[in-house]
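Q: Pasting a structure here, questions to come.
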Number of protein chains: 2
Amino acid sequence: MEKNKPIIVRYGEIGVKSPKVRKRFEKKLISNIKSVVDGKIVLNQGRIFLFPEDQEKAIESLKKICGVVSFSPTVETVTDHDAIKETVEAYMKKLIEDGVFSPEKSFAVKCRRVGTHEFSSREMAGFCGSVVVELTGAPVNLSNPDFRLNVEVREGRTYIFHEKIQGIGGLPLGTQGRMIALVSGGIDSPVASFLMMKRGCDLTILNFDNCPYTSGSNEKIIKIYKKLKEYAAGSDLRLYQVNYGGFLQKCEEEAPSRMTCVLCKSGMYQIAEKLAQREKAFAIIDGSSVGQVASQTLPNILATRHSTSMPILSPLIGLDKLEISEMAKKIGTFDISILPDGGCSAAPKHPETNAVLEKVLETQEEISMDAELEAVFSTLKRLDLELD
Amino acid sequence: MEKNKPIIVRYGEIGVKSPKVRKRFEKKLISNIKSVVDGKIVLNQGRIFLFPEDQEKAIESLKKICGVVSFSPTVETVTDHDAIKETVEAYMKKLIEDGVFSPEKSFAVKCRRVGTHEFSSREMAGFCGSVVVELTGAPVNLSNPDFRLNVEVREGRTYIFHEKIQGIGGLPLGTQGRMIALVSGGIDSPVASFLMMKRGCDLTILNFDNCPYTSGSNEKIIKIYKKLKEYAAGSDLRLYQVNYGGFLQKCEEEAPSRMTCVLCKSGMYQIAEKLAQREKAFAIIDGSSVGQVASQTLPNILATRHSTSMPILSPLIGLDKLEISEMAKKIGTFDISILPDGGCSAAPKHPETNAVLEKVLETQEEISMDAELEAVFSTLKRLDLELD
C-alpha cells in the first residue's frame, strides 16, 4: 500500500525556457530530488511523478527543494471505474476519520486527463462526485466548494488527491553556476544566501573569523551552514573561513579609526574575489541593505566595492529589516542569528558614513592592504568537511 | 469638525538610528509629507501628528509615502471625561451606521497615555469601555476581541481611533543619496526602482530608446514614470532618455550576432555611469534577476558589468518572476508593463548565455564602443520637464 502513494511535483519557471534548457533544468531537478528521496521518479508532460519509499519523509524533503513550486501527495490506482470507486471511497473515509472532511461541507471533483479513454474528464468528475455523495451525503458545489477532490487520469493510472502543498519555488539548484556568499552570524546574510540558492546558484560560503574582536566560536556559523544545507539537496554547499582579526588590528592601529568598517568590508570583498577565482565562481553575494546600519550608505557601498572587479550581488538591497526578518523566520535561520555573540568590538563608536573613494584607496595603500589580504587568504580553511 | 480629525503616523526603522540621524530622517519625512498634504504637522515622542485640511485626501497620500509604516485616522477632543464620552459615543454611532461595528461583536478598549493625569491608562480604558457598553450593549472581550477601540491621551488632547492602515514602510525618500535607475517598459525594472525609492534613494530614471528596433513610442515609459512619481513625494524624480538604436545597429552589423544582448547591457551600464557622474549619483540600479531570461546568467552578469566601476544594485536578483509580478501589481505598474509593445527586434534568436569576458572586451574594442557610447550620450534629453 505504502508504495502506491506517489507524489505529483510541479515546477514553475522551467516551463518558459527553451526545450533544450528546460530538459537540462528538469534533469537537474530530478537528480536533486533523488539525492534526498528514495524512490522512483517519472517525468510525464511537465509534471514529476515521484514514487517514494516513504511518503511522509518525502513530503518533508520536497518542502525544501529549490525549484519545486508545489506538490500533491496522492493515492494511485488503475484507470478502471470499480478500482477508482473503491479508492475514492477509502480516500474520503480516511479524510473523514482525520477530521479533514465532514458531510456538512460542500465539495467539487476536478478531473484532469492525459491519454485516450472511453470517458471524458467531465464524466469521470461526475462519476467520482456521485461516489462521494453516496458515501457521505455531502452537497455538491461546483463554483465555490469548501473542499476540492482532484482526480488525475494519466493513461492506465489514476491519482486521487486533495492537497496542494507550497514548495519554495525558484529554479533547480546547480543550474546557474557558483557564487561566493559572505555569511556572518547576523540575520541578513543567511537570508541573502538562501535567496540565491533558491534562484539556482551553488554556493561557497565564506566566513570571517574576527577573533579577538569577536568570540572566536564557530558555533553560530556552523549552525547556519547546517540550516542552509537543508535547502541544498543535490548541491555541494561549501564552508570556508579565514582569520581576519589580525587585519582588523592592523586597521585599528594604522588607519583612521572611523574607517575600520569601510576597510573591513572592502577587504572581505577582495578576499572573496580571491576565493572566487579558486572556486570558479562568477559573483559575490552579501546581505547589504541600503541605510539599514550607519555603514551601509551609498557612498560607503561605492567605496567598499571599488577594489573588486567581480559583480557583488545584494539580494536584500531593497528590503526592510522587517521583511528580511520574516524571511529568516520562514527558513529557520532567525533563531540561530539572534543567539547572543557580543558583536564585533572592532567597530568604532562613530563609523564613517560618507566614505570618500580617494581617501579609502589612499588608506588601503598606506596600510599595505594587498599584502595584508594575501596573509589573510593564506589562513583559508574549509570547515564543512569536518562536520558529520 | 473636519479640522479636528488628525492622523497619527508611525514610522519604523528611523527609531533605531542615532539621535542625530533620527532627527534628520524625521525632518525629511515631515517635509515629504508636507509636500503633498495640506495641514499642520506636530512631532510628538516618536509619532507624527498630522492635522490635514482634508482627512480623506491625506489618507490616500500617506499610503504612498516612503518611510510611513502605518497610520491611524483619529477624532480629536480635549482630555476631559465628558468630552471623551461624547466623542466616543459619536465615533461608535458612526461606525455602527457605516456597518463597521455592530452590538453582537465583542470589543476591547486600549488606552495609551503620555503626560500627567488624574487617571491611569487602565482606568481610562475602563471608562471608555463602559461608554461603549452603555451605548451598544456589546460584550467586552479583552483577550481576543472582534473589534479594538484605541484611545490615545497626549497631555490635554485625546485621540480616538480604530484603524491601523499599512503604509509602504522603508525609509524617508531623499535620505540615502541619488541613484541612476535603468527603466524599460518591462515588468521588472519599475519594481526595482520602487524598492530603492522605498529604501530612501532619490532616483534619476534612464530609459533607452531602441527605435527602430522598438516602436519608438514613449507612452509606456511616461506612464511608468508617472506611476513611480506617485511614490516620490518630496523627491525630484527625473526621467532621461538616450537614442540607442544607432548603437544597436552597429552591434548587429559589426559584432557576432549572438553577442548583441551582452553588448547592449554593457553599454547601458556605461551610459548610466556617465549620467551618474553628471547627476552626482552613487550607484546604478537595474531589474536583473538570475536565470529569468537566457541572457541573465552569471557569466553574462560578470561580462556585462566589467566595464563599469560604479556599483550596480539589482534588488530583484534573488526573486522569482511570480514574486516580482505580485509587487508590480501592488504598486500599480503591472498593467502598464504588460501593454503590448512588440519587444526588441535587435535580440538574436540564440543570444549568448555563457559570455567570456575577454571575448566581450575584445569585441567592445573592435566596434569602438567607447566612441559609440560617447555619441549615444550626446543624445541625452530630459523627458519629465515637458510633462504636465
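Cβ coordinates are placed from backbone N, Cα and C, and glycine is handled just like the others.
Automatic prediction, not curation, is the source of TrEMBL annotations.
Summarising the annotation, TrEMBL assigns domain 'THUMP' to A:56-164. Among the features that TrEMBL reports, ATP binding site is placed at A:L182, A:V183, A:N207, A:F208, A:K265, A:G287, A:Q296.
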Q: Please work out the helix, strand and coil residue numbers for the domain 'THUMP' (A:56-164) from the DSSP assignment.
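A: Final tally across the stretch: 40 helix, 32 strand, 37 coil.
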Q: Which has the fewest other Cβ atoms within 10 Å: A:L182, A:V183, the binding-site residues listed?
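A: Comparing Cβ neighbour counts within 10 Å for the binding-site residues A:L182, A:V183 gives A:L182.
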Q: Indicate whether A:K265 (ATP binding site) is helix, strand or coil by DSSP.
A: helix
Q: Run through the Cβ atoms and count how many others sit within 10 Å of the one on A:G287 (ATP binding site).
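A: Its Cβ has 24 other Cβ atoms within 10 Å.
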Q: Could you list the residues of the same chain, at least six apart in sequence, whose Cβ is under 8 A from the Cβ of A:Q296 (ATP binding site)?
A: A:S288, A:S289, A:V290
